[in-house]
């Protein structure tokens, strides 16, 4: 007891008028009452703290020892720990601090004997151990504090949206995902080969290993209120925010100038978060102007108030069960199976049912049963309602049951009106002008072997609009109509995935019978008259060779006196024939660093070629070689724009080349093609008379 009093001497805990455990400050003229554990000598008055203002109450953390050896292990005593705790409290948020103080008082309430003025916790039955901490971040708290916390800490109110069973199931999934992350990090294939880890690939691979898929939700920063954007991200005005979720559990949010950048940033933060000690919590998050409960992953011991606003509506987060694939069902019991809408965006019946169930937010399940004749029976359940069944092997029975279920659902579907496609290609002519263009003036522009691309390029070349209109037929068959300037050109019937291609092909064939066709042969075969790198560099060499040495040059006179009569240097004339050209060095680089720039093309040479073409009357486009780099093609684009020319790159990778040409009107190009038959890589094919 004497050791404890010596350690507690001079500790000031401040004023706490709102708690009964701490005595209020005595009025003037009255002596301060001593507690029962103060002894005979009153504590000495201690000078003010050198650090910062203390909070109104702070728990006292001390180290008690029963021997001199234990005292020698901590030579600085409790003063050092008191300073560390003051720094810890200063950096804690206010809400965490209030919870901290409430837990500390709960600990005091759970013990029968303590010193009310000094704040020490004293027990009779259990000895005081060394290094006792009340911080929740300590990995090994004392048994007494654990019991006190379990008795006095109020349990959080249960969530009405997410039951405890759902939270426990999500916690198990996150633990499984965390173990998968650590396993992949130890895999040399994931980290070797490049200095930077592909976090998006790693997270997707780990989540798919847990038999589910990640969910990415994007939102433009312009649609997010400035107050909801982090302070360090307010410089981004045209960027995107990406929220990463998995099984409806919020992981992280990333911000960047593009969608892919925000996704990569969010996945990087998610992988780093999953490497820590984490847990699944139910917190209230802001969505636009409302608040709702959400499942989040946060680090153990950290507060949950720093989460950014949600990008997914709260009504889409209600989880009440799982489907056959393990995916969550969103408010599934509220819908009846007769309201099921089929979205035929797959080739087989199983894919159509699964995609339609995800679209309708309903549950679909396949149940198998072994029959006495060693065959399997598969039954399809939609919203716990048995639709159909199939027999055969385990694989064929599922397909048979899905086919029967799809036929039953198609009979219950309402009669849908014609569904217009959203593809509409418009030229630069104003649509609101009210002038309807005649199909007789149309010119087919063929730039690709794909009929859909040809039809879209034709509409853009003639400044017309093209639409694709779908109509549901019987079964899985659809009818697609091609409408050009409100006039039906062609139609086709087939599967929805391929019917558009077939209808566009019929439309192109119909138009070619009556309309002229302009064929762009640029992408077909090798391109002639290509400007190579050596040809561009040759212009600089020609200018250098123009610097001929005159007869009165001192070097020339010395060579003449030594017997040089012209040509190459040396006894047999095997040396250089032309004098060394003077090369300008504009930057502050040394001569040794100029080796890498030998093959670079000068900008003035490119500009000279394009300037000569712009001033000429040539109608043939300039085609630059595939040898040019991206930076060199970028310079050509800039120079072509400067002289009012159009430029476009074609090809992919090493086969990419650039074409510079004049801006031509459709009428001018047709007139030239009618006169000459072929202009550059353009060719005119007139319709053949029947």
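Heads up, the Cβ atoms here are built off N, Cα and C, so glycines get one too.
These figures come from a predicted structure and were not determined experimentally.
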Which one of 211, 496, 500 shows up in Swiss-Prot with the note SUMO2 cross-link? 500
What residue among 104, 194, 618 has an entry for phosphoserine in Swiss-Prot? 618
Suppose you had to name the range Swiss-Prot annotates as motif 'Nuclear localization signal'; which of 4-24, 25-45 would you pick? 25-45
Out of 231, 600, 674, Swiss-Prot gives the annotation SUMO2 cross-link to 674
Record feature SUMO2 cross-link (Swiss-Prot), assigned residue among 68, 259, 395: 68
For the feature SUMO2 cross-link in Swiss-Prot, which residue out of 81, 435, 666 does the record point to? 666
Output, ordered by sequence, the same-chain residues six or more apart from residue 666 (SUMO2 cross-link) with a CB under 8 Å from its CB, or 'none'. 443, 461, 462
Taken over the domain 'R3H' (600-664), the model's mean pLDDT: 83
If you count Cβ atoms within 10 Å of the Cβ of residue 500 (SUMO2 cross-link), leaving out that atom itself, what do you get? 20
With helix taken as DSSP H, G or I, strand as E or B and everything else coil, how many residues of the domain 'R3H' (600-664) land in each class? 29 helix, 13 strand, 23 coil
